[in-house]
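Database features (Swiss-Prot):
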BINDING   23, 80, 120, 454  (6S)-5-formyl-5,6,7,8-tetrahydrofolate binding site
DOMAIN    216-377  domain 'TrmE-type G'
BINDING   226, 245, 247, 250  K(+) binding site
BINDING   226-231, 245-251, 270-273, 335-338, 358-360  GTP binding site
BINDING   230, 251  Mg(2+) binding site
């Protein structure tokens, strides 16, 4: 398998449909056109033609589009054949194309990978293609489109350019130490560095919003049996997703629901009631519950308000709180307010949010929804926002750390060489986002998650 091969793949979803598209990219795309169509279509014009088999018989007829490189998606010669969407027809046409020497089936994401390697897209834009396809809400789709059009990349490139200018200034101060002006201590470098840090902080904040839009927030509902966990899942989901009975231990396994709160994706996970297991099935369910808790972004600690007046989680169930990961945020949910007569709403107890509601009637659930949105810092007015992945957040965080370390070196010891190195590392972290600096292993992991025809 060679990256110089001409590749072909179905660009439409598998199965039956009105239209099925095969995409070909590479130097032999011209030969495919002349062999299957009998001619080379006019560039960037739709041409209605028969698609012919090796013996001259017609396999299908449809629209052919010819995009000679480098003015194509991949930067190579690209041919698209748009025929009928029956799987048998598409399979026959694909087999016909593969009889031409030098043609092979594309790897997942290989069209986008070639576009990246031929400088038609940077890495963040290429990832945005997959994110746009996978978008689960209108806001996520709009943000992914902004990323595809270069909004995220432009912000990153602006930071890289600012760091480049700052590095030039610092390197000059190091290379010409005998000048009358001490460039390292005259305040200009510190001011420029502070500007870059402020700009980076703004991008990080937007990237966290973009990551939340893409990844969603994982919220686990946990507590003792019969506290109303499944009722809360149903209330948040707006449907009967879980079986609810008065029998303790009804939920034996993990239940998942994907919902949106004002555009914010939320993965709600209902778990088995935590107690000493009465049988092997329940024991496995409780083990899975703890696995989900340890991976959560937030835990909703469900408390049956009819069993205790306590509001401090450490007082309600100290063993449960002691087992939780140290930095895991907790929201205490006192349920069954319709029975206890407690006042609905939100308050704070020892650094934890406390919400009183009734999962059965739905009273107070809107307060919980708003709390979840606010606890993640989600902004519903993300005009011009962009999507971001975890690797982007990690690169931005690492760049911020290097800038802070560089600032400490500058102010603490006027150590120009150490500052220059921290600036270089920060610039390298940022360049990983757009692919200016990256590894083949990273590229392989990114593009392997794409659709075959992309």
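Each residue, glycine too, has its Cβ placed from N, Cα and C.
Keep in mind that this is a model prediction, so the values were computed, not measured.
Where Swiss-Prot records a feature, it is marked here on the structure.
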residue : record                                              : DSSP (3 states)
23      : (6S)-5-formyl-5,6,7,8-tetrahydrofolate binding site : strand
80      : (6S)-5-formyl-5,6,7,8-tetrahydrofolate binding site : strand
120     : (6S)-5-formyl-5,6,7,8-tetrahydrofolate binding site : coil
226     : K(+) binding site                                   : coil
272     : GTP binding site                                    : coil
336     : GTP binding site                                    : coil
358     : GTP binding site                                    : coil
Checklist entry - Tell me, how many other CB atoms lie within 10 A of the CB of residue 120 ((6S)-5-formyl-5,6,7,8-tetrahydrofolate binding site), whichever protein chain they belong to? => result 19
Next on the checklist: Among all protein chains shown, how many Cβ atoms are found within 10 Å of the Cβ of residue 23 ((6S)-5-formyl-5,6,7,8-tetrahydrofolate binding site), not counting that one?
Outcome noted: 24
Checklist entry - 226, 230: which of these binding-site residues has the sparsest Cβ neighbourhood within 10 Å? => result 226
Checklist outcome for this item: With neighbours defined as other CB atoms within 10 A, the best-packed of the binding-site residues 229, 336, 358 is 229
Next on the checklist: Of the binding-site residues 23, 272, 336, 358, which one has its Cα closest to the Cα of residue 230 (Mg(2+) binding site)?
Outcome noted: 272
Item to check | Integer mean pLDDT for the domain 'TrmE-type G' (216-377) | outcome: 84
Item to check | Rounded to the nearest Å - Cα separation of residue 120 ((6S)-5-formyl-5,6,7,8-tetrahydrofolate binding site) and residue 226 (K(+) binding site) | outcome: 56
Checklist entry - When the Cα-Cα distance from residue 23 ((6S)-5-formyl-5,6,7,8-tetrahydrofolate binding site) is computed for each of the binding-site residues 226, 272, 336, 358, which gives the smallest value? => result 272
Next on the checklist: I'm trying to understand the geometry here, so how far is the Cα atom of residue 358 (GTP binding site) from the Cα atom of residue 80 ((6S)-5-formyl-5,6,7,8-tetrahydrofolate binding site), in Å to the nearest whole number?
Outcome noted: 56
Checklist outcome for this item: Rounded to a whole number of Å, the separation of the Cα atoms of residue 272 (GTP binding site) and residue 80 ((6S)-5-formyl-5,6,7,8-tetrahydrofolate binding site) comes to 51
Checklist outcome for this item: Close in space but at least six residues away in sequence, with Cβ under 8 Å from that of residue 80 ((6S)-5-formyl-5,6,7,8-tetrahydrofolate binding site), the same-chain residues are 11, 21, 22, 23, 24, 64, 65, 67
Next on the checklist: Around the C-beta of residue 272 (GTP binding site), how many further C-beta atoms are within 10 angstroms, looking at every protein chain?
Outcome noted: 27
